[in-house]
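The disulfide bond annotation in TrEMBL covers Cys45-Cys76, Cys49-Cys81, Cys60-Cys66. The annotation domain 'ADAMTS/ADAMTS-like cysteine-rich' is assigned in TrEMBL to 103-185. Taken from TrEMBL, the feature signal peptide covers 1-28.
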Amino acid sequence: MECCRRATPGTPLLFLAFLLLSSRTARSEEDRDGLWDAWGPWSECSRTCGGGASYSLRRCLSSKSCEGRNIRYRTCSNVDCPPEAGDFRAQQCSAHNDVKHHGQFYEWLPVSNDPDNPCSLKCQAKGTALVVELAPKVLDGTRCYTESLDMCISGLCQIVGCDHQLGSTIKEDNCGVCNGDGSTCRLVRGQYKSQLSATKLDDTVVAIPYGSRHIRLVLKGPDHLYLETKTLQGAKGENSLSSTGIFLVDNSSVDFQKFPDKEILRMAGPLTADFIVKIRNSGPADSTVQFIFYQPIIHRWRETDFFPCSATCGGGYQLTSAECYDLRSNRVVADQYCHYYPENIKPKPKLQECNLDPCPASDGYKQIMPYDLYHPLPRWEATPWTACSSSCGGGIQSRAVSCVEEDIQGHVTSVEEWKCMYTPKMPIVQPCNIFDCPKWLAQEWSPCTVTCGQGLRYRVVLCIDHRGMHTGGCSPKTKPHIKEECIIPTPCYKPKEKLPVEAKLPWYKQAQELEEGAAVSEEPS
């Protein structure tokens, strides 16, 4: 109670007790840390790329044991390795290729994703079922699992977040954005059923665009999958996927498994090219393909800066707009690309007043009135559509669209287009008369005009429009012929000087040739 006797009048006893406890705690922490030397420098990174580990050491200065650890780790070299570098675990396995195992050399391949001990170096001899643990620990920085950032350090699997910090639990979303909300991509799933035949040997299953992630396809049936690719530079490629394995296709890793009755295709992504998955006919039965992947939204709205003020003085307004931006090419594209994604919501334009200083030539005062009440906003105005460029078969028609502004007196004048960009511009071209053009329709041939020997037969040819109605407008040059010769194999038993007997049927008049030598009309009567 010595502290109580020394307390000055009015000092709370509880507060003094707290100060005493705090000083004792601080001294104990200082005593504990004082038993350690300062942390040493960080070591070189265990890897030059792909994420490695570096460590720092400190020495215990006490003759007794020190509380805490004498080593600490951090991640380093968190940059992607070039594609030709290969898998880090595979490099460690291949380092044992020139070392005999039970008196024999093997080519070793990595065994990944071991659930029991992911940080041991287990390798499989190529072409055999032999799996051997070639080292109790993999090198620091080796990934614990192929689809995870967690890394092995000193033989233990350590959690690594997408921010590349040890112990961090921050994850990438399905779009590949660290700590993202999944708004930059969209889930695509579907099913394809083959309709192949002897005349149609292959078909497209699905096109998977550049940047897609977490791709999985499962084919069930006798047919076979293969890949076509196209890079952003336009280079094309093809991979037949002839055997099970992990392949590098246009710098994208492809995991393919082939079974007697099905095929499984996986690609973690992001894809470095546009992939077209195709199917090739290999059997009489139909096949089905189920697919799922996350497609990046490569076109997004981007808000512009405020356009110039509508007035240089006396009070005006200025607007923002939104433009469709291609994230791959880093350029502005037509708005229709952004409208393709339902997730893309075009930002509304912002309106603000500007240049409120009085104009020098005025009386020095101008009332700023809200434009939505007293001064209508600029608007798009269009002229009537022009006549269609084609009467059938699909044409185009156009019109002029301009931005106009109406003053308080109702006078309408043309202004700069940026003033109307707060609303979408009306289309200036549209298709028209997209129905099929009239075409000739030939009906069945009539019977031959004779009962023996050589004669003629006729048919009716009509010009039919897209509604099936008899009309005009068909080209005479493409009209099918309405008569042709015909031969009846029955011999004619008449004297040679006489002509064959013609059948006296109702169509005899339109079939007979005019004896006086007049030309036969092409139009049946």
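Note that Cβ sites are derived from N, Cα and C of the backbone, with glycine treated the same way.
Distribution of TrEMBL features across the structure.
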residue: Cys45; record: disulfide bond; Cβ within 10 Å: 18
residue: Cys49; record: disulfide bond; Cβ within 10 Å: 15
residue: Cys60; record: disulfide bond; Cβ within 10 Å: 14
residue: Cys66; record: disulfide bond; Cβ within 10 Å: 17
residue: Cys76; record: disulfide bond; Cβ within 10 Å: 19
residue: Cys81; record: disulfide bond; Cβ within 10 Å: 15
### Query
Between Cys49 (disulfide bond) and Cys60 (disulfide bond), what is the CA-CA distance rounded to a whole number of Å?
33
### Task
Quick one: of the disulfide-bonded residues Cys60, Cys66, Cys81, which has its CA closest to the CA of Cys45 (disulfide bond)?
Cys81
### Task
Between Cys76 (disulfide bond) and Cys66 (disulfide bond), find the distance joining the two CA atoms and give it rounded to the nearest Å.
28
### Query
Whole-number Å distance between the CA of Cys81 (disulfide bond) and the CA of Cys60 (disulfide bond)?
38
### Query
Would you list the DSSP helix, strand and coil counts for the residues of the domain 'ADAMTS/ADAMTS-like cysteine-rich' (103-185)?
0 helix, 26 strand, 57 coil
